[in-house]
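In what follows, a single structure is set out as structure tokens and then discussed.
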Ligand code: NDP
């Protein structure tokens, strides 16, 4: 049986650590770190994610400045809101909850967030810094994956890493982070022929696709580290009940992998935690420490 990589416990540990540090900072600086989350419309999944982020802030003593806008909000209104938050001394991190309604240009808004307040690490300057191997704010989900590998002493150097999925949110930045840790990195995607032949080479296999059971047991090298980023809701046809699964056929892959993240309880909790950590680090940097 594979070792279980418990992202939930690790996330809790990092959040507890932040919770312990923040009161000292508040005493010294007169204010807590602050995160502003902009949400447009009432997409239930987005609303749940935003609530989750706001609750996580509260729990560790970070200020959260939720800004909820109606679905017909204009680009100009959002643009002004970001400009104000960029100037706001209480705010260290800003994020725009995606997806946005179709009439809005999310990339233009991302560009507008001050790179030092880019809590999600998706501003082109921060992605460019990652590409160049410079210090900068790292995207939350891939940073969460790297934290899991580090916490479990799973070294990347010299290993063959395969990342399935090439989104700007997960796959691409993660491939760069694995490369920075000296992995030999291959990226696979929807046009990759014979995906199994590629994934079977992996010492570290990451699935970030959004397709339940895409990674089956025959696609995994025995002993490999398997990181499942996917989050998919599947409904049991008999009971009508929904549950979350990843991209990996966990029940079978757990028998051949060396280590594996579960879904839920693996990468997911680390993503929110990295958002808090990014905001805290921006706060510290602003104070020159
Ligand atoms: P995207 O839809 O943006 O990207 C999916 C990627 O998977 C694309 O690069 C696509 O290839 C590739 N792909 C699609 N089908 C296949 C296939 N059959 N074989 C190989 N590759 C394929 O998704 P995201 O990157 O935003 O998210 C991926 C998953 O991770 C989702 O389930 C999402 O919910 C989850 N997620 C989880 C987070 C967490 O905190 N755990 C955070 C963010 C996302 P192509 O480029 O060719 O189209």
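Every residue, even glycine, has its Cβ placed from backbone N, Cα and C.
Residues or ranges marked as domain 'Tetrahydrofolate dehydrogenase/cyclohydrolase catalytic' in TrEMBL: 5-120.
Summarising the annotation, TrEMBL assigns domain 'Tetrahydrofolate dehydrogenase/cyclohydrolase NAD(P)-binding' to 139-285.
Residue 166 (NADP(+) binding site): 18 other CB atoms within 10 A of its CB, across all protein chains. Annotated NADP(+) binding site per TrEMBL: 165, 166, 167, 231, in sequence order.
For the NADP(+) site listed in the record, the two most distant Cα atoms among 165, 166, 167, 231 lie 16 Å apart. Cβ-based neighbour count (10 Å, all protein chains) for residue 165 (NADP(+) binding site) stands at 24. When each of the binding-site residues 167, 231 is scored by how many other Cβ atoms sit within 10 Å of its Cβ, 167 comes out lowest.
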